[in-house]
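So the structure is just underneath, and the comments pick up after that.
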Amino acid sequence: MNLLLFFILGLLVHFVFFVSIFDIYFTSPLVHGMTPQITPLLPPARRLVLFVADGLRADSLYELDENGTSRAPFIRNIILHKGSWGISHTRVPTESRPGHVALIAGFYEDVSAVAKGWKENPVEFDSLFNESKYTWSWGSPDILPMFAKGASGDHVYIHCYTAEKEDFGAQDAARLDTWVFDQVKDFFQSAKSNQSLFLKLNEEKIVLFLHLLGIDTNGHAHRPSSREYKDNIRKVDDGVKEIVSLLEDFYENDEKTAFVITSDHGMTDWGSHGAGHASETLTPLVSWGAGIRYPQQVSTQLFEDEFLKEWQLENWKRQDVNQADIAPLMASLIGVPFPLNSVGILPLDYLNNSDLFKAESMLTNALQILEQFKIKMTQKKEVTLPFLFTPFKLLSDSKQLEILGKARSYLKQKKYQDVISLCKELIHLALEGLSYYHTYNRFFLGISVVMGFIGWISFATVMIIKSHSSLTRSVVKSGKNPHYLLPCSFVVIGVLIAFFLLIQACPWTYYIYCLLPVPIWYAVLKEFQVIQDLITSLLTFSGKHSVVFLLVFTLGIEILVLSFFYRYMLTAGLITIACWPFFTQLWIQAKITSLGWTLFSLLLAVFPLLPVLGREPNITLVTGAGLLIFLISLSSFAYLWKRKSKYICEDLPVHLCQMVGVLISTYIVNSTHSSLLQKQGLPQINQIVSWAILASSLVVPLLGPTIVFQRLLSILLSLMSTYLLLSTGYEAFFPFVLSCLMLVWICMEQETLQQSGVSCTQKLTSIHFAYNMDITQFRQLHLDDIRRSFFFVFFIVTAFFGTGNIASINSFDPSSVYCFLTVFSPFMMGSLMMWKILIPFVLVMCAFEAIQVTTQLSSKSLFLIVLVISDIMALHFFFLVKDYGSWLDIGTSISHYVIVMCMTIFLVLLSGLAQLLTTKKIKLWGKTKPHFM
């Protein structure tokens, strides 16, 4: 098979494997067609006011400051004298959109919404706002529009500030909350002279929603421990107090207003959110007013944490809820139907109402969730063959009728507690059944993907053996065609699978997952003679030697897998790699090079041990890294000048330009940091120059010669200029240490090749990358090339996790991108952070290209082994994906698989980028002269 075609096919196959995880684990849980359920009793409140303090942690609101006073005295007074309180437990991903969807719609967001930046509706859903008679909302343009767009009719009104106001570098982010409070005051003032608006505001079943983003913005910019974050909480408390007083005056203290204040998510100590740390998932919930229970004093409370003692609230009953439970609570208070897609369970302990009202509300809650279960079961039954359909046995039709019959009977007998118990049982069974039908096809799809994975790994292995090794040369020459029965058999299998999927009305993606293994396995079995010849060849090897090699290879793969969970495994691996020369002849043959290898391996081994999260920005370290890079580049230039390289004059303008770029980047980082500390925002000139440096970083290296040493140095300097702009601390040294190790690795492989008897006497200052393009006959792969490929994969993983575990969303520090932008833009910020992660990736890829040149290998042969190793890792993580346990465990297991699949896809794409960066040359002056050996 043509290698280009093979890599295109490989890219497509891996893309399918990558997408499959979303069909298996991330399909939308929503169903449609349910009948609205409403409690048939008069509600306690005519209106609801919902305050959502974005990014507010539970401990930040409830704790007392160093003087023993609350930073939110009004809300503290509510807890002690007027209402109920507790902790709302959120779920991963702890982002603004999923949090608000859980609060207002009552279900946990479909993660496919990340493709919309958590701003748009990937699917239609019902919400409290949609069920209300009127909803008025004020706040961020990132949150409010999605509920207005999803509402039926024209009864949800939004008032947003501009997106440009969400600036992390602004003087005072609390002004976002001040804007909201001022708008609400003006709104009610205008209602006094606007008869139509006045009448609407005096209707029942209305909602007022205040989205307060200042706390979240200050947390990102200054961290939750900062004065700015804590002062913002005080301003929110003052604002809430003013709004409550305003409403009491407007409605003449009719005591028909219910108030709820909570948060969509918390925030880590280092100012990020998205993962499942307790500081992100524990948010406050305080409610008071019409229909809400007054404070309950208790002597003891059973909670595993020590928060009650820390917050000095041991004697006031704490009532924790899941975040989705707040939606049915609010619906119950104002008497609107529970949101159709809600999976929340009504927290009865918050209600100050009769037992009859609580029992009726709980029955309504149970019927609303049972409706979803019935629709989900019907949908699955309609697209499954009768003899293959396995119903959820714990909640059969007879069981449903039995529970509902008993509940209605107890209701007539006024046994309200028994009604509540039965309804809770029905809700839990219905939720379990919803999960069962939602994951109904998971095992079937998983088997299909695994078959495809194993088939692809086998196919890639056969390709390596057939085209790049000397084990099966006789087989390649014979080139026998497979028996006609083999293709006919696979055609029949494919037709049967397609027919099976067709009669079950499966989505089109299922056809891809289930049919993909068929041609892959055909391609493998077609090379039966190669496989047979390989087995014969392996049997001739020493059994002891083969077992030892297999054990070492397996151990290496497991270390790579474990490094995704424990970064210190990278340190253990690097220490082992540092000792490699001492177990070979390299220590005798090249002592200086071996010592350099050991030194830089040990230096790189330090980075995985350094703290990745919770660290404060240290611009001094970034400055030190910039100056070190400048001095190294100056020394390299002096070395080349001293050798009187004939390319030094050609490289002079480019080299000087890159040296200046490193100094400019260092200055911009310091200047921007200083400006933001003084709350003067991001200087525009800094922003323009930063983007210019980023844009030129992949072009400038192409202006210099293609000599291995000079081109690698040029790539390092260009990419380091960008990396410095994206650095906030010690990680600025990481690409430099990594590049030094890569340079020594290239020299080590040259020495290793000479041990094998292959002549390789040229130095890195004389070998051209373009030399690789001129070789017509490449040597065959040796056993040592598997070790080279493993080293490459290990260095790629080290480049990925060396300065942080990006399997956790909250590893991202927004301050990394402040040289480029400070206004909130999730995709732009995410793209810049991703490029920061990929820069060390590119450096390793370019070094690998150099190794392929210096070891006289085809530019694709080693890479085939790399793909096999990466796919074995991906298969590991596919089996480790779980949908049980804590949400942190579930999210981490899925993100590991996504990362290793992205890594494999990026390897294919970055291989092309590395070839472009190393072999191509742009000539801007004079005539281009080829420099081939």
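Note that Cβ sites are derived from N, Cα and C of the backbone, with glycine treated the same way.
A TrEMBL annotation is a machine prediction, not a hand-curated record.
Note that this is a predicted model, so its numbers are computed, not measured.
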Query raised in the report: With TrEMBL as the source, which of 6-24, 595-613 is set down as transmembrane segment?
Result: 595-613
Report task. Answer with yes or no whether the transmembrane segment (443-464) touches the transmembrane segment (508-525) by the criterion of at least three Cβ pairs under 8 A, sequence separation 6 or more. Result -> yes
**Report entry** Contact between the transmembrane segment (832-850) and the transmembrane segment (894-917) (at least 3 Cβ pairs under 8 Å, separation 6+)
**Finding:** yes
Query raised in the report: Going along the chain, which residues at least six beyond the ends of the transmembrane segment (595-613) come within the CB cut-off of under 8 Å?
Result: 268, 270, 563, 567-571, 574-575, 577-581, 730-731, 734, 737-738, 740-741, 744-745, 747-748, 798, 801-805, 810-811
